[in-house]
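Here is the structure we will look at.
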Amino acid sequence: YKKYFKNQIILNQTYFGPVFIQEPDDAIFSLDSDDKKVIMNCEARGNPVPTYSWLINGTIVDAEADFRYSLIDGNLIIHNASEAIDYGRYQCRAENSIGTVQSRDALLQFAYLGEFSGRARGAVSVREGQGVVLMCAPPPHSPEIIYSWVFNELPSFVAEDSRRFISQETGHLYISKVQPSDVGSYVCQVKNTVTNARVLSPPTPLTLKTDDINFLKMYFLYIFYFLSPVPTITWRKMSGNIPKKARLRKSQAVLEIPNIQLEDSGSYECKAENTRGALPQWISMINDTQLDSGEQLHWECRATGKPRPTYRWLRNGEPLNSQADSGMYQCIAENKYGAIYSSAELKILASAPVFSTNPIRLIATVGKDVSLECRPRASPKPRISWRKNDRRVQPSRRIMLLRNNTLRIINSSRSDEGSYVCRAENQFGSAELTIVLLVKEPMRVELSPIRVEVTVGESVVLSCKVTHDPSLDVSFLWLLNNQPLNTQQEGGHFEYIQTVSNLMIRSILLKHAGKYGCRAQTSADSVLAEAELLVRGPPGPPGVVIVEEITDTTATLSWSHGVDNHSPITTYNVQARSPVSLGWQTVKTDPEPVTGNMESAMAVELNPWVEYEFRVVATNGIGTGDPSTPSRAVRTKEAVPSVAPANVRGGNGRRHELVISWEPVSEEFQNGEGFGYIVAFRANGTRGWKEKMVTSADSTTYKYRDETFPPLTPFEVRVGVYNNKGDGPFSEVVTVFSAEGEPREPPSEVQAFAISSSEIKVMWKPKLGRLSCWEQVSSWKDMEQEEMGKKKRTMGNETTMLLTGLDGNTQYLISVKGFNSVGQGPASSPIKISTKKNAPSLPPGNLMWIQEGNNVSLSWDPVKARDNESEVIGYKVLLRQEGRGHSQVMRTPNSAVVLTLPEGGTYIIEVRAVSEGGEGAASAQVRVLTSSGKRSLCVFSDLKMCTFGGRLDGLIPL
């Protein structure tokens, strides 16, 4: 649909018409809701801010006259909503001084669900095998409802399957080929999709007919369709024609063929289709447009839909008449399924010419072209004329008036200086622009040195000299390779010397090479001078290395030259890396050295069957550059092994074993697959070698057992290598002794001595051999099994051991056995030894002490041992100053001592009996506070504090 407008004139302004942000949507309001308030939303933006109004079914809502309506911003609120009054289509109108737009329709519906008629429903009788349709006949409702059927009683619902189908259009229940199990009572249940309310119909009984058997000659074909709206149904027989006797029933959903005959057999096809349409969809819409007065507008809007939509136009919410003007326009595409809106604002501009800048001062240089632009804002476009110094400018070969009204002067000279005026005018007015043109002598720029070569790390200064009209200011811009040079981001390499016209480049890097430019600029001119900087440095990386040929020990390599950075390449260094190497290593080459004019070489003395990568590094007179990209990994060919195992040795093992060990050959020197070892040995003095193959490349040990040779038999041993290519070299012959084995004899001269009631000292003489040997001492009680006793091992070559933690006055059996890295030897014959009796259990009693001068006389009752305790052989007196851990000890055979104590301090004294079984129980502690000049007598039973003076010089027995 196309519409053309003849535009009228309005003043240009910055406002814009209403544009919807939110339009009202279809709404369904439940009549059962406690809140009887409906809100229809609408919001638009615009400048000025829009005002709003609403239409119901095309009629304006008078919110001021009807208290049930209220407007909050653009939202319409309906109080005490009623279906009878408020059901219908709503539209929002937004309006400002630019124009009016109207929203799409929004349908307000009210949700409810009535009751089924209470009238009883008659029974439906059908023959077995026939189809049947049970009608629901739903009650009044809004909006859509969901149908289901109850069989006999809740909650037994009919499940849809290949025989049963419930139409959600009509609510009918279709059952094909009725079976006896289908007989019963059917109730239709409907549910409101908004309120979720449910109601049940009266029951419909379904029974079977049994009075006529002629129905067997009748055949029914059914189609259950799931289309909405109700489809158009057609039938056809796939082979031939449908019998003429056939009849269509149930809106053509049932094809009934009476009196079935053989010729009626075949395949039948049912086709259900509807012509449901669709809401229009936009293909192209209209857009906001600005036009000069007098211009023509072409707006087009197109939409798709089924059926094809029709169009109508609105201007400011009203039908469009023949005369169009500035305002808000809407194109509406609609069919029976709805309408869609496209909105746009039309602005028609009208203004007198206006210049944004006036006057203008323009400076040119002699010999250069100059353009004087004249670009006023005006609508419609104005007429343009030029004059110089009040005289009309006449176009010539050197002075041209371009189509865009620009005055262009070719090869300007001093005579072109002056005041130029551009005049613009249309029917709304006129305006003039004055341009003052000055013509100056051209600027000259010189950059030196023009070409300079430096070495990495050196510095250079580039100077930019300018000759220019002194009335003009000049500025400088430095460039590198035509890009502005940012001296702040170059790590301090660039610095201006004295003025910005002198550029110093410090500690030059390779990346600083290139074309440098100095651009001098004035308001009249811009001149660029350039210089070239060459930087000599180490070579760049050579091209990728290619492996041309590979053998077992050589690789023929080729590469391409990299950049020499202005210093000829002198040599190339070839490097290789393998999984077993420590990074990149220099390899020997043929020829040696590889000179700078070469692009190939042979790496030699490589290891066979090793995966290598190769790279090349170039060197020139400045230094060594970065390496090339590595080659692809390649493996050298296989070869016979050339490296024998190292550090061949032997020993250890069990008796009659010959144990041979070696350091394995690393993968780097295995030279091929199938790598293994050849272990060769012979007894000293014999001629023939025994050879054994060890197939594991990681093996380090071989054991040979022969019961015929004694321990420590000397053998000559060598270990060789082999792989799939053949046998390699053997190691040097070394002498290896057969295993000594575990100790064969027990230690001798085993002795034991009771030290106390809990300690026994054991001594022995070990049996010496080639292997390091240790001993294990076992102790167990006389009436116990040896396994229940204690075992203790020496830590080195000790020949004594102290057994502790034993029971007093108890007989023990003790044996000693040797062991080494191979195993344990036999144990010595057990010897018996008894621990001493236990120490006395009673402490010394009745402690009494006398202080006189520096001396304290201490005495106590002797301790008498019991029958099962050791006899007392003396006493131990312990003295320590309170707060200190160290004690002084005095032994005495008597039951009294004299103590000389220092002056000042508190001292703690205790006494223990001493016997062969050890120390007895301690007496109660005595605390003595010393001071000078007093004599005291204290008995233990008093527990008094005694004071005396003096200094502790020693312990003196009585």
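A Cβ is built for glycine as well, from the same backbone N, Cα and C atoms used for every other residue.
Marked as domain 'Ig-like' by TrEMBL: 18-109 (among others).
Residues or ranges marked as domain 'Ig-like' by TrEMBL: 126-201 (among others). Over the domain 'Ig-like' (126-201) the predicted model carries a mean pLDDT of 91.
Taken from TrEMBL, the feature domain 'Ig-like' applies to 229-274 (among others).
Positions annotated as domain 'Ig-like' by TrEMBL: 280-347 (among others).
TrEMBL lists 353-434 (among others) with the feature domain 'Ig-like'.
If you look up TrEMBL, you'll see 442-534 (among others) marked as domain 'Ig-like'. DSSP states for the domain 'Ig-like' (442-534), grouped as helix (H, G, I), strand (E, B) and coil, give 6 helix, 50 strand, 37 coil.
If you look up TrEMBL, you'll see 541-639 (among others) marked as domain 'Fibronectin type-III'.
Residues 456, 537-547, 550-553, 555, 557, 559, 562, 565, 573, 575, 577, 584, 606-617, 660-665, 669-673, 675, 677, 717-732, 734, 736 of the same chain, all 6+ positions outside the region 'Disordered' (623-649), place their C-beta atoms under 8 angstroms from a C-beta of that stretch. The region 'Disordered' annotation in TrEMBL covers 623-649.
Residues or ranges marked as domain 'Fibronectin type-III' in TrEMBL: 644-741 (among others).
Sequence annotations record features per position, and here TrEMBL assigns domain 'Fibronectin type-III' to 746-838 (among others).
TrEMBL lists 843-933 (among others) with the feature domain 'Fibronectin type-III'. Secondary structure of the domain 'Fibronectin type-III' (843-933) per DSSP, as helix, strand and coil residue counts: 0 helix, 57 strand, 34 coil.
Contact counts against the domain 'Ig-like' (229-274), taken as Cβ pairs under 8 Å, peak for 126-201 among the stretches 18-109, 126-201, 280-347, 442-534, 746-838.
Taking every listed stretch (18-109, 353-434, 746-838) in turn, the largest tally of C-beta pairs under 8 A with the domain 'Ig-like' (280-347) is reached by 18-109.
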